[in-house]
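Asks: First the structure, then my questions, so here it is.
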Ligand SMILES: Cc1cc2nc3c(=O)[nH]c(=O)nc-3n(C[C@H](O)[C@H](O)[C@H](O)COP(=O)(O)O)c2cc1C
């Protein structure tokens, strides 16, 4: 926060008084704060409060007779981050639609820096489908939105819509900012595989596994936010890829292998997070197989070992493999590290219910050739992704 230029946009909700405390917290952290208020916001607290706190005129008027001739662009360009607190249903709608109707909405439309929006409103306004659509649109546009808290509303009853306390808002912004601002993967090309592959049996049946794709998608999201150029080769999954990531959808192990090889030569970091089926049918049935016998035996043949193949072809790439084990984690993972010629192996114990397949958390053992295994402890898949990139950057540095 130190010396950061924060543009604080205040719209007209009952929680405006909390924005004054947030402004003070920013200033205490060493940030420089300038405030813009909507007409409605000034009905709740006068600009004088914010002028006193920030030692700067408050922007209220798009066509001001004083100061800069284009004040909304002046504020937009001056800022390193934009914070909208409290954000009314109205300003969310304007931002989602790109409406520039007054000083605040126009300056926000002209702002390219990261935006942090803290909605606060009546629970029925928050639940309204129009507000839901606007919030979803803002998130798609890359705006950071803090969910309102559930609690006692100004209306005198409990509901979701209350603005979180200023300290919580500050912690949220600092946390989100840390990942937004560290662009230490800029210039790196990262090739990822995610999800499980599926192997057809006949036109209606297939063999699958329990991979949700969450780890691979977290790796894509984190790499993207740290500035990398990301190509994600994904098996079928319900997940939505982060904006800006090149996604190549595949179904079978052989399709995945072909795409990984096609993008391998120019990649810097290559991470095989997909759960690739080890076997496929020797021959896929062309027609749906009728259920006739009491038993049915399928003839399976080995699929290509993509990770091993990538290990054999390795040049400048740093290669990462995942090992999902249910027994003797360290032993199996160490063997895999050597056999597949990978630089970093992420081993999980998938027999644990609280981590691994389908969950939001993970706990892994990170193995490299010449360092002792590092136990990560339980953390979110995003945190683990960050740790993996930190280790890869270290390995890349050691090579220089
Ligand atoms: C007493 C009072 C409290 C209000 N509180 C909120 C609120 O918490 N959130 C909200 O979205 N709108 C609230 N409104 C409605 C907004 O002030 C109104 O929609 C206004 O047009 C918002 O304008 P702005 O987005 O330009 O600030 C409140 C209105 C009144 C009269």
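Glycine residues also receive a Cβ, built from the backbone N, Cα and C atoms like all the rest.
For reference, TrEMBL lists these features for the protein:
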type	residues	note
BINDING	278, 288, 304, 305, 306, 307, 322, 336, 340	CTP binding site
DOMAIN	4-173	domain 'Flavoprotein'
DOMAIN	185-394	domain 'DNA/pantothenate metabolism flavoprotein C-terminal'
REGION	1-189	region 'Phosphopantothenoylcysteine decarboxylase'
REGION	190-400	region 'Phosphopantothenate--cysteine ligase'
TRANSMEM	6-27	transmembrane segment
Asks: If we skip the immediate neighbours and take only residues 6+ beyond the ends of the transmembrane segment (6-27), which ones have a Cβ under 8 Å from one of its Cβ atoms?
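Replies: Residues 33-45, 49-50, 53-54, 75-76, 78-88, 90-91, 104, 107-108, 111, 120-121, 154, 162-163, 165-167, 169-170 contact the transmembrane segment (6-27) from elsewhere in the chain.
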Asks: Other than its own, how many Cβ atoms are within 10 Å of the Cβ belonging to residue 304 (CTP binding site)?
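Replies: That number is 15.
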Asks: Does anything in the same chain, at least 6 positions from residue 306 (CTP binding site), have a Cβ under 8 Å from its Cβ, and if so what?
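Replies: Set apart from residue 306 (CTP binding site) by at least 6 residues yet with Cβ under 8 Å, we have 193, 253, 256, 257, 260, 272, 274, 276.
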Asks: Around the C-beta of residue 278 (CTP binding site), how many further C-beta atoms are within 10 angstroms, looking at every protein chain?
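Replies: Step by step: centre on the Cβ of residue 278 (CTP binding site), count other Cβ atoms within 10 Å, giving 13.
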Asks: Going by DSSP, give the three-state secondary structure for residue 306 (CTP binding site).
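Replies: Once the DSSP labels are grouped into three classes, residue 306 (CTP binding site) ends up as helix.
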Asks: Under DSSP, is residue 322 (CTP binding site) helix, strand or coil?
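Replies: The three-state answer is strand.
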Asks: Count the Cβ atoms, other than its own, that fall within 10 Å of the Cβ of residue 340 (CTP binding site), considering every protein chain shown.
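Replies: Summing over all protein chains shown, residue 340 (CTP binding site) has 21 other Cβ atoms within 10 Å.
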Asks: Within the domain 'Flavoprotein' (4-173) only, compute the mean pLDDT.
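Replies: Mean pLDDT, the domain 'Flavoprotein' (4-173): 92.
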Asks: Measure the Cβ-based neighbour count of residue 322 (CTP binding site), defined as the other Cβ atoms within 10 Å of its Cβ.
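Replies: Total other Cβ atoms inside 10 Å, all chains included: 25.
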Asks: Would you measure the largest Cα separation among 278, 288, 304, 305, 306, 307, 322, 336, 340 for the CTP site and round it to whole Å?
Replies: 38
